[in-house]
Amino acid sequence: MTETAATPTPVPAGGNVPARGILAGQRLLDRWLHISLVVLVVASVVRYLQGHGLGDQAAVVLPGAALLLVAYAAGRRLTGTAAIVWLAAVVACWTLLALIAPSFSWAAVPLVFLALRVLPFRWAVAATVFLVAVVAVAWSRMTGLADPTVLLGPVCVAVLAVTAYRALERDAATRRALLADLESAQDEVADAERRAGVVAERARLSREIHDSVAQGLTSINLLLQAADQEWEVRPDDAHSHVDQAATMARSCLDEARRVVRDLAPAELTGGSALVTAVRQVAGDVAATTGLSVPVHVHGEPHEVGGRVATAVVRTLRGALANVAEHAAATTAVVSLTFHEGGVALDVRDDGAGFDPAAIKESDGLRGHGLAGMRARARLLGGDLAIESASGEGTVVAASFSAGQFDSEQAAKKQSAAKRSDVEPSASDTQGEPRD
């Protein structure tokens, strides 16, 4: 297998090329390299003086040791090519000392790590082989024997050290690759969630537009058709239809703005109750289509929350629009039932009916009504059921959970509590009371 150098670390701001060894990223190792080299060199000097005193070659050993430490200290922050040249000079100085005084051979240990720190892997291996060879020669000269343990011992230690740190470097590279894959997967998940959010928002807007603006435009179209037919025969009625169409157009405009702002429908703003909103929608449909739309309220009306109330009104609009457009009915009875668990809406007509199993979602301009109403109910913890048969009319039954109202109330209380924590009290802002 071909060995490759470790991935370079980023270039520092100064513009120098960083160290490229497999230990280049191990910054915590630097301090111990410095300490161990100084300690071993000083210990080697002491050992030499104990054995030889100031005679023999002390005039070379002492300045050489000082030069080794000074050279090491001067270049320890170098990078790139300068660091390689510096390492070669330090190794050359150490080689001279080790051949003169074999006790300096112990300094080869930090020098091996230094080579792994500075050089690419192959060069570091070559430097390690050279250091081990110098140690073997130095000890052989001192003992005068060709002792195989003296030769093989340092070699084995060096091989084990280099192999171990090479394995650590590969493990670190593998972990970096896994981390990069994980980050990429997280980005893909986040992107998928964003796309899902876009799809969900498009579906929501489709439902809102269908059950608000589209139904209003349908009513306007019916009113204008009636006005056109009665313009010459009953002009007063025709003008009345036109006025109603204009009113409906303004209502549709307001509704479109509220849909964009994700606010409640017009019938529920200004503190109007849900019952009033339901009666208003039923009255509008009766006025524009000629249907009889009686409203029956069961149970004690109670707050159900803005989202649920909005869904009830949207569902009612969609159901009555379907009755007016498709059912050929004369009456659509609306039942609004309040119960402890929420609220239920039933719309029963006496029209032609249909087979619910035969209904398929359309990819055209129609087909969003029933599916949209069901999706809206389920989003609020409820459901929507359709009962119908040919010639027997249709019942649309929607149920909504009061849990949404509880969630909204909790959110409002939490928001109010946060505001009370940051808003000053009356005594803080009004000062002392006046007489």
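Yeah, the Cβs are placed from backbone N, Cα and C, and that goes for glycine too.
Annotations in TrEMBL come from automatic prediction, not curation.
Across the coiled coil (168-202), the model assigns an average pLDDT of 83. The coiled coil annotation in TrEMBL covers 168-202.
According to TrEMBL, the compositional bias 'Polar residues' annotation covers 426-435.
Sequence annotations record features per position, and here TrEMBL assigns domain 'Histidine kinase' to 204-404.
Positions annotated as region 'Disordered' by TrEMBL: 407-435.
Through the fold, the transmembrane segment (32-49) approaches residues 58, 61-62, 65, 68-69, 72, 76, 97, 101, 103-104, 106-107, 109-111, 113-114, 117 of its own chain, all at least 6 residues removed from its boundaries and within a Cβ separation under 8 Å. Taken from TrEMBL, the feature transmembrane segment applies to 32-49 (among others).
Annotation source TrEMBL lists transmembrane segment at 58-75 (among others).
The feature transmembrane segment is assigned by TrEMBL to 81-114 (among others).
The annotation transmembrane segment is assigned in TrEMBL to 121-139 (among others).
The transmembrane segment feature in TrEMBL is assigned to 151-168 (among others).
Within the chain, the transmembrane segment (81-114) has long-range Cβ neighbours (under 8 A, six or more residues past its boundaries) at 16-17, 19, 23, 29, 33, 36-37, 40-41, 43-44, 47-48, 52, 57, 60-61, 64-65, 67-68, 71-72, 74-75, 123, 127-128, 130-132, 134-135, 137-139, 141-142, 154, 158, 161-162.
For the transmembrane segment (58-75), the residues of the chain that approach it from at least six positions outside its boundaries are 34, 37-38, 41-42, 44-45, 48-49, 52, 82-83, 86-87, 89-90, 93-94, 96-97, 100-101, 104, 107, judged by C-beta separation under 8 angstroms.
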